[in-house]
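Now, the feature entries from TrEMBL:
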- 14-55: repeat 'WD' (REPEAT)
- 56-87: repeat 'WD' (REPEAT)
- 98-139: repeat 'WD' (REPEAT)
- 140-181: repeat 'WD' (REPEAT)
- 182-223: repeat 'WD' (REPEAT)
- 224-265: repeat 'WD' (REPEAT)
- 266-297: repeat 'WD' (REPEAT)
């Protein structure tokens with residue numbers, strides 16, 4: 001069997017939970033991983049060799065969600081006991097607790113500035129809180145079934161929520177209004193999150209699919225039917241070029257968003273893969289499952305030349321047959337490729353000079369104009385071809 005050096009590799013695995021892992025997150029300092037479990041405990045796994053893990057006990061029922069604050073100095077946890085706790089991720093494991101909802105709290109998420117928390121619950125509401133003193137700010141309540149997940153956009157202005165009412169909703173944090181509801185999923189929506197650019201969202205559902213929408217146009221960009229069971233969790237790579245998903249079919253799938261296709265299928269967990277998350281830099285990702293295992297993987301493929309990755313796919317044993325890749329309309333793929341390519345260029349040069357960014361913006365405008373011209377030309381050519389092959393059509397004109 002041949003493996004490429006650019007394939008993801010399993011680096012470490014941790015065992016300490018006594019029930020299904022429900023949530024996983026990396027500390028920004030890359031020294032710790034936090035996990036929550038149905039066993040009601042939070043574990044802080046130290047990535048340095050020979051350092052012991054910390055087990056935090058406090059919740060009186062299953063822990064459904066965990067997340068490090070952007071600074072890494074706090075860990076937030078949500079639970080079936082209807083509370084949220086904020087922990088200091090050190091050996092003492094000190095925490096503060098507040099009753100957040102009247103039903104199970106399904107998710108908790110920090111804003112990028114670390115000042116706010118958003119929670120989602122089986123009481124059908126989303127609530128926003130201050131991190132300091134955990135002051136309640138406001139509630140969002142248009143879902144008509146359990147809310148499984150709520151996340152802030154990268155700029156903190158929007159909130160995305162996923163619900164058992166089969167909708168994904170976008171909310172304006174300032175006006176506190178629902179801007180748009182996406183209703184395309186045929187099952188409960190388990191998870192949703194924002195693309196790092198803030199312009200797109202992705203969601204995974206019990207209908208076994210993953211969908212990606214552009215929230216500027218409210219159009220479905222991509223639709224993936226790559227799993228054979230419920231999709232439980234997903235995470236965008238920080239570059240925005242890849243999306244990883246975890247499913248009850250026991251696999252993790254890495255999707256190439258630029259090409260609109262499946263890149264890797266990873267078999268690690270025995271039983272459902274319940275959660276997955278990229279590290280802040282994207283060099284690693286971690287997954288958890290009903291097998292009580294936490295797995296830490298090295299990404300590898302993101303640091304390689306992109307063309308090399310595509311060429312290595314023929315050799316990689318973890319690849320799926322071509323028949324299982326998703327198909328994206330040509331126009332969407334073209335604009336996506338331009339968007340992602342320029343996004344990468346801007347990331348690479350933004351620290352060098354502001355003037356370079358303005359040049360890139362000018363190039364983006366030029367590229368968009370050329371793309372419009374190209375599409376117009378294609379339409380004109382296809383119309384002429386139709387006319388030349390259809391005498392009646394020609395006569396009517």
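Note: Cβ is positioned from N, Cα and C throughout, glycine not excepted.
Nobody curates TrEMBL annotations by hand; they come from automatic prediction.
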In terms of Cβ proximity under 8 Å, which residues at least six beyond the ends of the repeat 'WD' (140-181) contact it? 103-104, 106-107, 109-113, 116, 118-122, 124-128, 187-194, 196-198, 201, 203, 205, 213, 215, 218
The answer for the repeat 'WD' (56-87), taking Cβ pairs under 8 Å and residues 6+ beyond its ends, is 19, 22-29, 32, 34-44, 93-110, 112-114, 117, 119, 121, 129, 131, 134
For the repeat 'WD' (266-297), which stretch among 14-55, 98-139, 182-223 has the most Cβ pairs under 8 A? 14-55
